[in-house]
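Data first, discussion second: the structure below is written as structure tokens.
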Amino acid sequence: MGVTKKPDLNDPVLRAKLAKGMGHNYYGEPAWPNDLLYIFPVVILGTIACNVGLAVLEPSMIGEPADPFATPLEILPEWYFFPVFQILRTVPNKLLGVLLMASVPAGLLTVPFLENVNKFQNPFRRPVATTVFLVGTVVALWLGIGATLPIDKSLTLGLF
């Protein structure tokens, strides 16, 4: 059972806020039926209406039409698969490449056990998790940018 905080209606600060119309959710307002029946459907239907309106007013093509007689030299995946594509492209052994890809989520699953993250919310007080995040972001960007370059410049990004 959760502990509910009852408002102190004798508190002059709370009475002043309530008199001004503030403090609407100070002691809680039930999500049923107010939010779930009235606010959420309006937001969802409004989002759908905006998407449909933009699709009708400005239709865009999905991509270039396919030409089977003029294929590109190298077929690139979507941008979010660039780091994975770069790993598979640069590692000579395909089994090792697949194991490297599987080691990324396995390594991320070990991060919570390396330090007690339940105690602190501030990232500066969680150096291991912050370091893993920063190194992972830099490596993912490095691999993603390298996937768009030719294979001889892909690891150095043409800088060295």
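Backbone N, Cα and C define each Cβ position, glycine as well.
Features reported for this protein in Swiss-Prot:
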TRANSMEM  36-56  transmembrane segment
TRANSMEM  95-115  transmembrane segment
TRANSMEM  131-151  transmembrane segment
Tertiary contacts of the transmembrane segment (95-115) (same chain, 6+ residues out, Cβ under 8 Å): 84, 87-88, 126-129, 132, 136
Residue numbers, six or more beyond the limits of the transmembrane segment (131-151), whose CB comes under 8 Å of its CB atoms: 76, 79, 82-83, 85-87, 89-90, 107-108, 111, 123, 157-158
